[in-house]
Amino acid sequence: MSKVRINDLARELEVKSKAILDALADCGVTEKKTHSSSLEADEAVRVRAHFARGSRGAGQGGSRQQNEPKPKIDWSRVSKPGDVLKAIQERNEQETVAAARPAAVPVAPKAPVSAPPAARPSAPRPAVTAAPPPVAARPAGVQPGSQPAVSVQHGAEAQKPAPRRIVPQPRQPSAVVAPPPAATPAIAARPPAAPVAVKPPVTTAPIAQQEKPAAPAAQEVKSALATGPSVPVAVSPSVVVAAAPPPATAFQAPAAPAAPAASQSAPQEAKTPAAEAPPVAPEKPAVPAPPQRRVIMPQTGPRPVYTAPPPSASPVTPRPSGGGIQRGKPIFDRRPTGNSPGGPGGPGGGYGQRPSGPGGRRPMHPTRNQPGGGPPGGRPGFNNGPRPGFGQRPGGFGQRPGMGAPGLVPPPGDTPGRPQRPGAGQKRGGRSNQYPKSKEGPMKGFAPPSRFGGAQIPTEPLPITRTITVTEGISVKDLAEKLGVRGKDLIATLLMRGVFVTVNQSLDGELVKDVARQFGADTTVISFEDQMANEAFENLLSQENPDELELSRPPVVTVMGHVDHGKTSLLDAIRETDVAGGEAGGITQHIGAYKVRINKEDSPAFGREIVFLDTPGHEAFTRMRARGAKVTDIVVIVVAADDGVMPQTLEAVDHAKAANVPIIVAVNKIDKPEAQPDRVKKQLGDRGLVPEDWGGSTVFVDVSAKKRQNLDLLLEMICLVADLGNLKATPGRSAVGTVIEAKLDRGRGAVASVLVQNGTLRAQDSFIVGNTFGKIRAMFDDRGRAIEEAGPSTPVEILGLENMPDAGDTFLVVADRDKAKGIAQYRQMKEREVQLAKSSRVSLEGLAEQIKQAGMKELPLILKGDVTGSVEVLADSLQKMSTEKVRIKVIHSGVGAITESDVLLASASNAIIIGFNVKPDRKSADLAEQENVEIRLHTIIYELQEEITKAMLGLLDPVFKESYLGRAEVLNVFKIPKIGTIAGCRVLDGVLRRDSEIRLMRGGEQVFKGKLTSLKRFKDDAKEVTNGMECGVGLNTSDIQVGDTVEAFTMERVAAELTAQ
């Protein structure tokens, strides 16, 4: 026996597989089954019967409001919405006429009426005869929900009365009486039929129900007018009379065995030929239609199922009719029969049994002219014209499985104007374009993902509505968090731009700006150093306590100026003033900052302190400003009165203005006879620094460092400008400062000079500075004395660093060492990301630059210095010396003596070690001699630059220049055995030399290039032949012709140049 899978049976019964598994025990199946198990044929029959009983029981009892079906509309008879309104108006007019007529005399019916069979064959319904009019009310004892549908047959005559149907409508309170039906119309080939005559209505007698079998879920009724579409009418549950004439070729499916007469009359009526009379339009009565109750069109109902009349020879047992969808019942069994509601040709009906012999037309799409198979013919029960009504119900159905022949299924998009109800993207019958089958088991509800993973990718740039701040080398994940989008959306956007990245990959600044603009955000890219400075200041602000006392602090002054303008002399003079005031003199300054105390009693600034920074010029000041650390409070610009304003002076002024720092101009060397202080004031006034005595706001002080003139006035003016700035600090908070200089001491390790800007720094404090951390083991002031704490504006030298910090890094005291270590590790990771971002992505421009640099010479260097400031300045200045032909590459730079590791690195990379104010130890020098590593030691930067320039020139290839000598014309060609071809020439200009190179030209093209093998004047060898003389020239070629030109030249080596010409 054939088996049926539980999944297939569940789809057939339109239930879940779990429901079938739960019902197996009730059906006598004790073996354990799963969703993919199979059932025997007899077991499947029992399961179908079980669900059929359950659906009928649910339809009659229980939740009546939920399971009771709604009345249906025969969509096959509605072509447009106007037909519905027309049918309603005609129906109302007919009802009005019927209500005005007198009651007709009841007559006996002409033919027995077959009632629809019950679900079980053992309990058939008896045949019911229809009583003649007038209209009779329904007995109160009969419930509408259990009243069966009854159809009336009167014969096959052309003028037979229309059948009567009892329409159950349980939820309508008012009673409606239908007008008398029209006679059976004659049917033409295609157009719909029209009524010919009208007969009095027929009243159906109440039916005595002997047994109450399990009826279908609901009885749905549709009335089909001969002149229009079928319209549902609100009726009363007690008195309802509906009239609907069947078509001329009406037929009836065979009734139950209890009514054999009715089953035999159906095929006879089906064979009645259609009359050839043209369709007649019905007359519309002049009686106005009274207002009727609003008609509600239901949107649910079964799919229309078409059938053909069964052959008369072998009647088929009819199946129970049912217009509504019965859940749990197989979808293939919904083929109502009989000329009753739900039967073929009737209102709301579908297909009957398909005929076994040749007959009616096979089902076809409404837009097709001919079906795919079967001979053309009239389809019983349907018009051959265009299908009236509303067309397909919203969300329509696909082709019925197993129905039709090849060519019956319309192609996709062939049916115009088929609306879809929400959520009905799937068609029945397996005809669907997108995932027609519902999956069971673990793959239930699965649908393939959309393109780009469902990413919402903006196709056009959004308007700029916000601003974000990112660091260099930000990862894709961090950028997505700042933009508020998903990481895969950002990756998809980059993919559309041709950039392939992962979620952890770093991005460069320009790409970040472009992508953020696509998502409606303006981007500010800051460096890693700026981020660390911002974090430090945020921590500073977060730790501020309004209850803490703010005190005035000493100003921090930076002295800047052009070379040889007396900057160093002025600082020495100020220091001498401090020493003359009683301080110990001759103190060697180990750090670049020191304090000066004003001890002149008659001075207004007596007892005040000023901190001077001895920084390496404007270069270090620019770096501090770029890192966001405003170390300097006041800038003193030193200008020589005899020399005037120089370019470096203007550059220092620009840096001070960019840092928004007050400027004091010290006009030095006023003791010289050629001094012109007014010229200096005019030059600086043109740059925006207008003196106070000229109506400006810039303080000008005329000083002489050599004679120590007006130095006290300069210090007093510095204190006055500081008071205007209201410089305050909070000594009670944790210390915050800036690294001025850092160096590596052999005995003490890493040493940093720090200027405390706020708070108080104490010994044993844990701190974070840049990307390193540490704990203060010892602290010294500017005079080398060990101290325990340092207040605001105090320069100190600290020990206890784990690594070397950079000049300008922010110094911040934290709670404990572990926290400082975590912050340092995080900053080191971010710094690595920045470096990777600069080197990982290779664009087309970068690739072209690499190809261009492939032919460049490279000079690798290892740079070691005494302090970090010197190393930074040297590294920048040396790299700026790179040209298009030679590029300087600093492999490693550091602070301290030259070590063995430096020598090994230089040996591996063929680099030169440059030592600035440092020397190698004995082991390092021996290793360098063994490895043939060159070490160059310097103390002056200018000498270092000159030596590097010579090394760069030595790397260039030798350059040769062609020098023209003379030209001769070939007059004759001689071929001498054992010697070769000799050209007899006359020198046209210049000279031909025996050691020169020649070029043989013919017609402006070079034929041969080489050296002269011989040069003779007649029979004698000659060293050279001058202009106008004839000679014999021997060449290492035989391709010589009369009229060729011999050009003589030499190649000279010239000095190479670093820049391209």
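The backbone N, Cα and C atoms fix where each Cβ goes, and this holds for glycine too.
If you look up Swiss-Prot, you'll see 51-199 (among others) marked as region 'Disordered'.
Among the features that Swiss-Prot reports, compositional bias 'Basic and acidic residues' is placed at 67-77.
Look at Swiss-Prot and you will find 97-113 (among others) tagged as compositional bias 'Low complexity'.
As annotated by Swiss-Prot, compositional bias 'Low complexity' applies to 120-130 (among others).
Here Swiss-Prot flags 167-177 (among others) as compositional bias 'Low complexity'.
Swiss-Prot lists 184-199 (among others) with the feature compositional bias 'Low complexity'.
Annotation comment: Swiss-Prot describes 250-278 (among others) as compositional bias 'Low complexity'.
Among the features that Swiss-Prot reports, region 'Disordered' is placed at 250-460 (among others).
The feature compositional bias 'Pro residues' is assigned by Swiss-Prot to 279-291.
For 340-360 (among others), the entry in Swiss-Prot reads compositional bias 'Gly residues'.
Annotated compositional bias 'Low complexity' per Swiss-Prot: 381-391 (among others), in sequence order.
Feature annotation from Swiss-Prot assigns compositional bias 'Gly residues' to 392-405 (among others).
Residues annotated as domain 'tr-type G' in Swiss-Prot: 552-728.
The region 'G1' feature in Swiss-Prot is assigned to 561-568. Regional average pLDDT for the region 'G1' (561-568) in the model is 74.
Among the features that Swiss-Prot reports, GTP binding site is placed at 561-568, 614-618, 668-671, with the record citing sequence analysis. Contacts of Gly561 (GTP binding site) defined by a Cβ separation under 8 A and a same-chain sequence distance of 6+ are given as Lys567, Ile637, Val638, Val639, Gln648, Thr649, Ala652, in order along the sequence.
Residues or ranges marked as region 'G2' in Swiss-Prot (evidence: similarity to another entry): 586-590.
Within its own chain, the region 'G4' (668-671) has Cβ neighbours under 8 Å at 565-566, 569-570, 638-643, 677, 702-707, 709, counting only residues six or more beyond its boundaries. Counting Cβ atoms from all protein chains shown, Asp564 (GTP binding site) has 11 others lying within 10 Å of its own Cβ. In the three-state DSSP assignment, the secondary structure recorded for Ile670 (GTP binding site) is coil.
The DSSP secondary structure for Gly561 (GTP binding site) is strand. Its Cβ placed at the centre, Ile670 (GTP binding site) has 19 other Cβ atoms within 10 Å.
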